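In what follows, a single structure is set out as structure tokens and then discussed.
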Amino acid sequence: MSPYTKLISYLSLFLGTTITISSNHWMMAWTGLEINTLAIIPLISKSHHPRAIEATIKYFLVQAAASTLLLFSSMTNAWFTGQWAITHLTHPTSCLLLTTAIAMKLGLVPFHFWFPEVLQGAPMITALLLSTVMKFPPITILSMTSHTLNPTLLTTMAIASAALGGWMGLNQTQIRKILAFSSISHLGWMTIIIIYSPKLTLLTFYLYSLMTITVFLTLNTTKTLKLSTMMTSWTKTPMLNATLMLTLLSLAGLPPLTGFLPKWLIIQELTKQEMTTMATTIAMLSLLGLFFYLRLAYYSTITLPPNSTNHMKQWHTYKSTNPQIAIFTALSATLLPLSPMILATT
């Protein structure tokens, strides 16, 4: 891929995200989302592999359908209320259409089918962008309109996402698919609390993005795509694999790591809102995710492969790893003691 093409794609991603998160008018938000979609397509399809082309087509069709629904929702609201402002979405049909559109954009259950397939077909860095940067504009729109959306519908979708994300990740051997189902599960946690505390949703998203960036960059450095290669990657970069275990356990939400903070605050907020049943349910469902995170951590650091793996052995490389990984890993593991300061700033 030409460096100029890559530069234009990344700049367009930045522009589209900025337009959407800073806009107050539905047409501007829609324009930003469209720029984002068009900017990421060359990055997904750059390998020209049939699986990458298939992933690109799936991504384009789903995002185009979601953008159409979002535009239809805003036009319906404008038709009945005369308001084009994002925060003035009051018509019930518009709210339902918007929830559907954002769920498709994010990959929430039951509109999640495209996400694992697209992540599996995309290169590792593009998969990182799809899991983090591309989720930011839809979550921003959802938080701006959360006060008018149907709480029962959002809670149902959130519980279903947490359940399916954990359940479907159990049987996967491809690491990008495991991370895709992990993303769906985390989106469930963000969605269940968005009506009661939008700031907490954004905090959860920021911390989730931080941990996911660390995992993807580490896997990209060790060139690990499936569990069988993960079992032998410790020979190349033992220290990096040891820190990957910490990041994975943080992503699972174990104390005293960073990932425990959002789950703790969400359960606390749900209990305050007298939704103890939902808090208990989503906490129990996170145990499913904990299982496959523990399996990844076990494969990355603790275990030796019991038999010869069916892939070509790679030479030990002494190339220096990406220095940003050290910063991201430190933040992914040690932010919990700073939680009072983080809460004061949000």
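Glycine is no exception: its Cβ is also placed from the backbone N, Cα and C atoms.
Feature list (source: TrEMBL):
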type     : residues : note
DOMAIN   : 23-288   : domain 'NADH:quinone oxidoreductase/Mrp antiporter transmembrane'
DOMAIN   : 290-343  : domain 'NADH dehydrogenase subunit 2 C-terminal'
TRANSMEM : 7-23     : transmembrane segment
TRANSMEM : 57-76    : transmembrane segment
TRANSMEM : 96-115   : transmembrane segment
TRANSMEM : 152-171  : transmembrane segment
TRANSMEM : 178-196  : transmembrane segment
TRANSMEM : 202-219  : transmembrane segment
TRANSMEM : 240-261  : transmembrane segment
TRANSMEM : 281-304  : transmembrane segment
TRANSMEM : 325-344  : transmembrane segment
Checking distant contacts: for the transmembrane segment (96-115), what same-chain residues at least six beyond its ends satisfy Cβ-Cβ under 8 A?
33, 58-59, 62-63, 65-67, 69-70, 72-74, 76, 89, 130, 135, 138-139, 141-142, 145, 149-150, 153-154, 157-158, 160-161, 163-165, 180, 183-184, 187-188, 191
Residues sitting near the transmembrane segment (7-23): Cβ under 8 Å, six or more positions beyond its termini, same chain?
29, 31-40, 42-43, 86, 129, 133, 136-137, 140-141
Same-chain residue ranges lying at least 6 outside the transmembrane segment (202-219) that approach it to Cβ under 8 Å:
124-125, 127-128, 131-132, 135-136, 139-140, 143, 175, 179, 182-183, 186, 189-190, 193, 225, 240-241, 243-244, 247-248, 250-251, 258-259, 261-262, 265-266, 322, 324-325, 328-329, 331-332, 335, 342, 346
Report the mean pLDDT of the predicted model across the domain 'NADH dehydrogenase subunit 2 C-terminal' (290-343), rounded to a whole number.
77
When you scan the chain for residues with a C-beta under 8 Å from the transmembrane segment (281-304), skipping those not six or more beyond its ends, what do you find?
158-159, 162-163, 165-167, 169-170, 172, 175, 178, 181-182, 185, 188-189, 192, 227, 230-231, 233-234, 241-242, 244-245, 248-249, 251-254, 263, 266-267, 270
